[in-house]
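Note sheet for the following structure.
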Amino acid sequence: MLTSMKSKFDTLFNTQPEVAAFAPGRINLIGEHTDYNGGYVFPAAIELGTYGLASKRNDNKICLYSNNFESTGTIEFSLDELQFDTTHSWANYPKGMVKFLKESGYQIDSGFNILIEGNIPNGASLSSSASIEILMGWLLKALFNLEVERLELIELGRKVENQFIGVNSGIMDQFIVGMGRKDQAILLDTATLEYHYVPTEFGDYVISIMNTNKRRELAESKYNERLKECQSALALLQQELDVDALGHIDVTTFEKHAYLIEEDVLLRRARHAITENARVKEAHAALNRKDFIEFGRLLNASHASLKNDYEVTGIELDTLAETAQQVEGVLGARMTGAGFAGCAIALVHKDRIKDLEEEVTKIYKDKIGYEPSFYHVDIGDGVKYIKI
């Protein structure tokens, strides 16, 4: 890929790239919609991601091109014009990173050229947007010798998502893209940003990613609505509990104080956030003791909660996960990511991968009308520079 990208870079910009980098996508093993509720998450970086090449310019022009959106062509704007622009589509993610780096005091004193190409399926809920954000920060760090640390880039990436794009997401995606490590997941406390690397050793079992192939736009989904519902539920619980987030409430305490939330929808939203947080801790413990059956059971319970209490699945994700759960050799399956479309994951015996794909494809096509896609990817490193 890099060879063809270098040739394309020369064609587009009539110069050679000075720096190259790769930022991964991610899966979240368990812990969905807990990151903006101050809870735990359990993500891992994957070896699908976004590649980028960059060079400085002698003017103030920023020129961005994506091989994934060739029909859009080169998107150009000035270093002094960093406003959100709907016509700039994907380029708003890197534009936001430039804006917030500059506002943080980092010197980006000229324009630049950037070419990117990703192999994360677009709209698959495998975190392509965070991959682009962190990739952009990493390229600019080298290009302009910025003394910016990984954690600050992660925080700025979230700021891009929240304040520039308009999605009130948590920090999980940017964190795992920036901090991932090969063959390890991260148990992250999103309230404190304390984290632990955990080996992703599943014995004879592997994680299979199943894509609904249904597109969704996160900013236009009910993501922000769920955040508001959780905030409303938290405010009711705070009448008697001294807590800052739903993630700070254990299941027993919640059950004792659930009467404070009279509206059923708000009760269910809070119940998911709190029980899912407990499931993350239980899943971490199960993986440590190599209890893959219990880990799979927790995946199933997570999906049921996301379907019934949080209502972020939909017929496509439900068909994938619930069909996979019935396949022999599958210990558990659930949606991963924000929901509404995107992907599900299954913990499947390595000898049953073909059975999983065949059985899920048949039922999914019969019910939905088109086929899902399957990926088997290794757990990889976070953002890194690569040799040109």
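The backbone N, Cα and C atoms fix where each Cβ goes, and this holds for glycine too.
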Ask   = For the substrate site that Swiss-Prot assigns to GLU32, HIS33, THR34, ASP35, which of the candidates TYR223, TYR259, TYR364, TYR370 is also assigned?
value = TYR223
Request  = Consider the recorded positions ALA124, SER127, ASP173 and say which one has the Cα lying nearest the Cα of THR34 (substrate binding site).
outcome  = ASP173
Query = Taking only the recorded positions ARG26, GLY123, ALA124, SER128, GLU161, which one has a CA atom nearest to the CA atom of ASP173 (active site, proton acceptor)?
reply = ARG26
Query = With every protein chain in view, how many other Cβ atoms are within 10 Å of the Cβ of SER127 (ATP binding site)?
reply = 33
Ask   = Which has the fewest other CB atoms in a 10 Å radius around its CB: ALA124, LEU126, the listed binding-site residues?
value = ALA124
